[in-house]
């Protein structure tokens with residue numbers, strides 16, 4: 001009975017969120033069971049480009065450290081904000097969501113060549129948080145019951161929390177930077193005079209991930225349209 005309930009709940013998670021979080025959990029479990037080691041997973045340009053260990057381009061996004069507070073904290077934020085994006089502004093647009101993953105991962109990998117970071121999963125999580133927070137500017141957040149603030153401040157609050165824990169803020173800054181680049185190109189620039197859409201999801205991704213809309217006359221909500229909200233006319237999304 002418990003298995004059936006878990007299976008039902010698991011299958012209700014949207015596909016991209018389900019695939020990514022499952023991969024992260026299984027990778028961490030494999031490390032904990034000593035089936036693999038972090039040295040086989042981390043981002044190393046020399047091993048990637050000279051020894052063709054191309055799997056590191058992906059695996060460095062899947063490992064968040066051994067099971068503990070930091071791992072659980074990252075998994076909670078990853079699952080929560082990845083799912084809210086996929087069920088919110090990317091609802092019915094799985095291909096666009098996958099393209100955001102690929103675009104963000106590519107940028108982080110390029111930046112990773114110039115900064116000393118061996119695992120980029122935490123930065124990727126911050127990117128997801130940043131995009132969600134900018135698309136939901138009127139949501140009020142409560143951080144551990146200590147701070148109440150509007151959603152766009154959430155990435156900066158997380159960076160401050162990371163600093164208090166003694167962690168490097170380079171990871172957070174990288175995630176914020178990549179998230180802002182995506183948000184600007186996808187939501188801001190297309191609505192500017194003379195602007196337009198620079199990021200276009202390849203048709204091959206649409207053919208693989210998107211299904212035809214049941215109702216061809218369906219009029220999407222503002223946050224579902226390419227370019228996002230008309231930011232001067234927003235309304236409160238939550239309390």
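Just so it is clear, glycine is given a Cβ too, placed from its N, Cα and C backbone atoms.
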Look up transmembrane segment in TrEMBL and report which of 28-53, 54-79 it refers to.
54-79
Same chain, outside the transmembrane segment (164-185) by at least 6, Cβ under 8 Å from its Cβ: which residues?
100, 103-104, 107-108, 111-112, 115, 117, 120, 122-131, 134-135, 155-156, 158, 198-199
